[in-house]
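Read the structure below first, then the notes.
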Amino acid sequence: MAAQAQAPARDGGAQLAGPAAEADPLGRFTCPVCLEVYEKPVQVPCGHVFCSACLQECLKPKKPVCGVCRSALAPGVRAVELERQIESTETSCHGCRKNFFLSKIRAHVATCSKYQNYIMEGVKATTKDASRQPRSVPNRYTFPCPYCPEKNFDQEGLVEHCKLSHSTDTKSVVCPICASMPWGDPNYRSANFIEHLQRRHQFSYDTFVDYDVDEEDMINQVLQRSIIDQ
């Protein structure tokens, strides 16, 4: 029988537990670079896991560092157990609602017209709401802490501050990083903000996003980098 998205912890990777695991059962199968289900997962010496192709990109700088813990980055080894779990764990497509093994879901959503419509409707709804009230260009370089009066953190600084000072805070808060994005909803409150930070904001959006594109181009970008968000 195929496992559901709540199998044992991945090879050497960060493990979700309690409410966080229930809220995001696919989190431990998600690459912190591309934010999609691991493809040919590789575990690096510090214990974190990346898609093989994503790791190759991360290794290109002269002094590469792990994007999760910032330790020195080096080639890793194939995460065999995690790969086995991906082969045997099922999830459903948000578009057609059919079940697929995690190892097959990336290929499926790339060709599923219902999934693409699901993504486009979400992006259009967000951009439509944002266009109703013109706003000045948001500051995407420094952010306030949503828990306390501290402010002027860069993205990495905010992640570290919240991990050190607010790791046990269970209050639902708005993510200031997401709220500054073109598609961001300034009213959406994250149920588990610390876990959200660790999974979604270990890498800067500036690396992947062109903030000046129009709506159609933005939709195409989202489709290409669509996140499987259960």
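For all residues, glycine too, the Cβ spot is worked out from N, Cα and C.
Features reported for this protein in Swiss-Prot:
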{"type": "ZN_FING", "residues": "31-70", "note": "zinc finger"}
{"type": "ZN_FING", "residues": "93-112", "note": "zinc finger"}
{"type": "BINDING", "residues": "CYS93, CYS96, HIS108, CYS112", "note": "Zn(2+) binding site"}
{"type": "MOD_RES", "residues": "LYS104", "note": "N6-acetyllysine"}
{"type": "MOD_RES", "residues": "LYS114", "note": "N6-acetyllysine"}
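This view paints the features noted in Swiss-Prot onto the structure.
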residue: CYS93; record: Zn(2+) binding site; Cβ contacts under 8 Å, 6 or more apart: PHE100, ILE105, HIS108, VAL109, CYS112, LYS114, TYR115
residue: CYS96; record: Zn(2+) binding site; Cβ contacts under 8 Å, 6 or more apart: CYS112, LYS114, TYR115
residue: LYS104; record: N6-acetyllysine; Cβ contacts under 8 Å, 6 or more apart: none
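In the zinc finger (31-70), helix, strand and coil residues by DSSP number 7 helix, 8 strand, 25 coil. A Cβ within 8 Å of the Cβ centre of CYS93, CYS96, HIS108, CYS112, the residues given for Zn(2+), is found for these other residues of the same chain: HIS94, GLY95, LYS98, PHE100, ILE105, VAL109, THR111, LYS114, TYR115. Sorting each residue of the zinc finger (93-112) by its DSSP state yields 10 helix, 3 strand, 7 coil. Just so you know, the Cβ of HIS108 (Zn(2+) binding site) picks up 15 other Cβ atoms within 10 Å once every protein chain is counted.
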